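Features as listed in TrEMBL:
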- 23-106: domain 'DEP' (DOMAIN)
- 146-206: domain 'DEP' (DOMAIN)
- 322-399: domain 'PDZ' (DOMAIN)
């Protein structure tokens, strides 16, 4: 019992760190989108990709991420304490509301990709892969008379890892699952057992898709005392949210992430399916994490469907482009839909995809040199998610 409690406390601490990482990355993307992060010159030296602390505090207060300047400073100090942000010269361990330059470690390559971070990124990637699976093992299941949403038997999860090349053997699969549990990525539905290659039920316990409000980070201790139950935001409870998180009374179904993947209603950067393609770590596709949440995108609806022959016909009103999308820790940031051919249905404005020139209504011809014109969006999504971090797309863009 003591060991279980200790493991739970460690998992909750690591889960909090994961929440901080996600919130920090979402903030970084929003600041890039808002042009607060840029090259700046100070004392005859240029500091690339940095921001002025005072300007950032102004932004946090004006965007209601913090109630006042003192709270905003506390939030940024929290990110500094978790190695998300640092002073450009590493001379100031404290975040000051002044004209000082700071930088996100992801922007200068100093982010500590230790084992813990790698496990987190692996867990996010696996989750995105699972929810995109047509016959996902994440299902409504029952254990000891209690029903749990989006749960899976331990043995079935290991089977899935083996089938998808995520583990070399059952022993390796078991080691991976226990690492995910120790890092607060998955947990036993009743929080009573370690991970076993058995019929015991487990769940993912991090909502990777929800856009974090920075103010939540300062209330983490209160959340921990509530047995790790995530405090809901209005966005979580929105009926369009692809991820609905709620805690039910004990006599009803236990808490879990309840979610229906919409065609393109809500998501955060992280998937080709986040909108429909997700990534994390480096392999899924964009859950939309940054500034704006894409609820719908009228322009992504094609005026009419095209056949592959029409796209490739001489004189067709399309221009061919080759785009290189370098995924970050949250994914690529675009969604594809359709069947032979697929087209881009949505793009997160602050994502790597947007920066690379990916646009709605573009038809996807090749992914990393492989022709995909005859494939459906699920197969194209899988190619991106299981491929390298850098995705080279050949697309056909409609002429204006």
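Every residue, even glycine, has its Cβ placed from backbone N, Cα and C.
No curator has checked TrEMBL annotations; they are predicted automatically.
Small disclaimer: the values here were computed from a predicted structure and weren't measured.
As a summary of secondary structure, the domain 'DEP' (146-206) carries 23 helix, 15 strand, 23 coil according to DSSP. The average pLDDT the prediction assigns to the domain 'DEP' (23-106) is 90.
Across the domain 'PDZ' (322-399), DSSP assigns 14 helix, 35 strand, 29 coil. Mapped onto DSSP classes, the domain 'DEP' (23-106) shows 36 helix, 20 strand, 28 coil.
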